[in-house]
Amino acid sequence: MAILLILYNIGLIILFTVVATLAAITYFKNKKRLYLVITLLFLFLILNNILIYLTEQLPWFSVKFNQLFMTTPSPKTILLVAHTFFLVLILTTTLSRKISFWQYGLVISHALVLLLVPMLPNNAFKIWIYYFPSDLVNITLASYGLATLKQATDKKKRTSNIDIKAKSVTTQVLLSKLMFITLIMTSLTIVEDSYVIFFLDNYTFGNVRMTNRSITEDILAIIYAITAIVYLSKKLLTVNQSKKYDANQQTDIVPTHLQFIETYHMTSREAEVLLLLLQNKNNQDISRELYISMGTVKSHIHNIFSKLNVTKRNQVKLLYAEYQQSQKLDPMAADIPK
């Protein structure tokens, strides 16, 4: 059992480190604030997991940590408040929103509660009320995210001619799923904490025994990490893809082009052919510029038409123009501010 626990912790640390590394690389490539915040979030998750691991493996550390937690839980308080602040930054940045006064108030209120709780008598309720605000923050932010995404989708349906179901933006769908999963897993965390704190742990003075790990929180963090790895990998691929285009090409078409190919899951070569199609290049021009045969050009164009569900070149340009307009109306499609 001890070996499994060690392997589990090593696995978590490796997973979180991969995310932090990918996010840092993405940040240095395009300097967007979102990726810096993701890096910091997972670095703090690594620190939190190391603390929990030490309480599980070193009895003397567990005793000292638990005694400190019952009086002045400053290390855990810093981690929890930082986690809340990073979540607010990630959510508002991804939604292209500024941080609202109520969100600042949420972070400050959370910090104040965590500072005041240690003044309560040492019992199970004290521990439960210490962790509950974090769960409440998750539920509040997830609910806000879902409401904002629904509002954006409704607005898009009213103003765009594009079939939303077939052409929804990948990031928006991903966020909606994450918000829904967050609501479910946080609700399970409240149930888990209530059972563990009130029925398993012991808070008698001189014999404090606490379970510092939450399985449901770990599962949610793992889901976040895997999602972040997939998302960041695609972003890095997109950044590298953009470097292949000539700087003298139309600058207004390239950013939307990169989002367009991601939405329709096109290959690197199909993306290059599509860009030339949008520039009214014929098959012979495409063959000459990309150094591929006419048969290969026709094959790529056929695949592009199939993925876009069109049959003519002018339909490609029309669909692209509609997509470009929908991106301007969708807050999820805007460049994330620095």
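Backbone N, Cα and C define each Cβ position, glycine as well.
Since the structure is predicted, the reported quantities are computational estimates derived from the model, not experimental observations.
As recorded in TrEMBL, the features of this protein are as follows:
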type	residues	note
TRANSMEM	6-27	transmembrane segment
TRANSMEM	34-54	transmembrane segment
TRANSMEM	74-94	transmembrane segment
TRANSMEM	101-121	transmembrane segment
TRANSMEM	127-149	transmembrane segment
TRANSMEM	178-199	transmembrane segment
TRANSMEM	219-237	transmembrane segment
DOMAIN	259-324	domain 'HTH luxR-type'
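Across the domain 'HTH luxR-type' (259-324), the prediction's mean pLDDT works out to 86. Under 8 Å from some Cβ of the transmembrane segment (127-149) lie the Cβ atoms of residues 73, 80, 83-84, 87-88, 91, 95, 97, 106, 109-110, 113-114, 117, 120, 172, 175-176, 179-180, 182-183, 186-187, 189-190, 193-194, 197-198, 201, 203, 210, 331-332, all in the same chain and six or more residues away from its ends. For the domain 'HTH luxR-type' (259-324), DSSP puts the residue distribution at 51 helix, 0 strand, 15 coil. At the 8 Å Cβ cutoff, the transmembrane segment (219-237) and the transmembrane segment (34-54) share at least 3 close pairs (sequence separation 6 or more) and count as touching.
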